[in-house]
Number of protein chains: 2
Amino acid sequence: MKKRLHLIIADAELETVPESIRDHPAIVNYARRRKKRPERIILDSTYHHAALRNLEDGERRGRPDIVHVCLLNALDSILNKEDRLRVYVHTRNDYVIYVDPETRLPRNYNRFIGLMESLFEKGAVPEDLKLLRLERKTLGELIEEINADAVFVMHENGNFMEPKHFGKLLTQFWKPVVVVGGFPHGDFRSKIEGVKVRLYKEPLMAWTIVNEVIVSYEWEIL
Amino acid sequence: MKKRLHLIIADAELETVPESIRDHPAIVNYARRRKKRPERIILDSTYHHAALRNLEDGERRGRPDIVHVCLLNALDSILNKEDRLRVYVHTRNDYVIYVDPETRLPRNYNRFIGLMESLFEKGAVPEDLKLLRLERKTLGELIEEINADAVFVMHENGNFMEPKHFGKLLTQFWKPVVVVGGFPHGDFRSKIEGVKVRLYKEPLMAWTIVNEVIVSYEWEIL
């Protein structure tokens, strides 16, 4: 068995437009422009800002861009090319996206959004290859399914550890899970059991943590 | 004096629509939809694919997304927060973008494109703060101006070096320049003198190299 890092982008702010704001003008106009039905659209704070004000947690929702940049960095990493990485996205509404390591994600953001809309509609894309697969699942269920021998949660109130020491620590396990919050600020919504770690004195962007963890682990394992 | 890494995204495929294709239907329609004049628009392979077929190097041009992801990773890095990084973008047509380390880049791709369009129109954005500044300059002139004590060019035919060893090597200089190609494939168009290095047996995406170099340098310098 090969040692492999399992990376979860958790509580990601990736969702289709919730029912309660589907008739908001910001949504209706955007849907019309994109020639899609409002319920098929991915919520995006850049365009749906006015509608988000009417939603709980509106100030942090609608951030598919965070998922996009994290996945680009993870999938194009040396660690992934060496088949030492598995990536998952867990979303606000308890969907889990299983990402095949061979996936070549669209580099263009708008194409990525189109892909996510297909995924939420069809449950898998492309429909034959199923490089991305969507399932209803909580973060806890996903972690249990992975059957990890250690779970680390990247958290601004965690114990400080230098990235290089954290990378070394991860190599002591066969199947470590690292959970990174896929939201712009605030705390995890899901309850997670795991060792809380922070890599810097200030909060970091999700993609910065992904890069630090992946490169530090590579150093030790490859 | 503090040791600092100077990172150049070079020969980046970031440009406004060239004159020869400004009346191509793919451009005209896109410009109309965006309510901008064709010459003010940033060339984008996702939307201008048909027009790009008529251009020299059309199969690699129009990739502002590469610049966007590289800059997000660089500016949000721990290295940049510690004021140990300077980033520059040098483009196909010999423009250089000076990026203030405090710049908070738009996370949304379409907003980033809007910002680049303003930058090419006005020469600096925002006009008062000038966090991004555009100047006509070759890659050679930029490197000379930085006055580096070492220049490394990340190149698929360079000498192989493990990222951690490369990070260590960089710390032996006060002002090392690392040049990363801001294009999807092929070779640099600019003539560059420097030590050619590759970090992996296969070509890597520009943002992967940026992440590897930054995190490996951090390890040694912080």
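Cβ coordinates come from backbone N, Cα and C, glycine included.
Look at TrEMBL and you will find B:Gly181, B:Gly186, B:Leu199, B:Tyr200, B:Lys201, B:Glu202, B:Pro203, B:Leu204 tagged as S-adenosyl-L-methionine binding site. Marked as site 'Interaction with substrate rRNA' by TrEMBL: B:Arg63, B:Arg104, B:Arg107, B:Arg111. TrEMBL lists B:Asp65 with the feature site 'Stabilizes Arg-xx'.
The DSSP secondary structure for B:Gly181 (S-adenosyl-L-methionine binding site) is strand. On the backbone, the CA of B:Glu202 (S-adenosyl-L-methionine binding site) and the CA of B:Arg63 (site 'Interaction with substrate rRNA') stand 21 Å apart. Ranking the binding-site residues B:Gly181, B:Gly186, B:Pro203 by how many other Cβ atoms lie within 10 angstroms of each Cβ puts B:Gly186 at the bottom. Between the recorded positions B:Asp65, B:Glu202, the minimum number of other C-beta atoms within 10 Å of a residue's C-beta occurs at B:Glu202. Considering only the binding-site residues B:Gly181, B:Gly186, B:Pro203, B:Leu204, B:Arg111 (site 'Interaction with substrate rRNA') has B:Gly181 as its nearest partner by CA-CA distance.
Candidate recorded positions: B:Arg63, B:Arg107, B:Arg111, B:Lys201. Fewest other C-beta atoms within 10 angstroms, B:Lys201. A distance below 8 A between C-beta atoms marks B:Arg107 as the recorded positions from B:Arg104, B:Arg107, B:Gly181, B:Gly186 lying next to chain A. A distance of 23 Å separates the Cα atom of B:Gly181 (S-adenosyl-L-methionine binding site) from that of B:Arg104 (site 'Interaction with substrate rRNA'). Sequence-distant neighbours of B:Leu204 (S-adenosyl-L-methionine binding site): residues of the same chain at least 6 apart with a C-beta under 8 Å from its C-beta are B:Glu212. Sequence-distant neighbours of B:Arg104 (site 'Interaction with substrate rRNA') (same chain, six or more apart, CB under 8 Å from its CB) are B:Leu75, listed in sequence order. Taking the Cβ of B:Leu199 (S-adenosyl-L-methionine binding site) as reference, residues of its chain lying under 8 Å away and at least six apart in sequence are, in sequence order, B:Met154, B:Phe160, B:Met161, B:Glu162, B:Pro163, B:Phe166, B:Ile209, B:Glu212, B:Val213.
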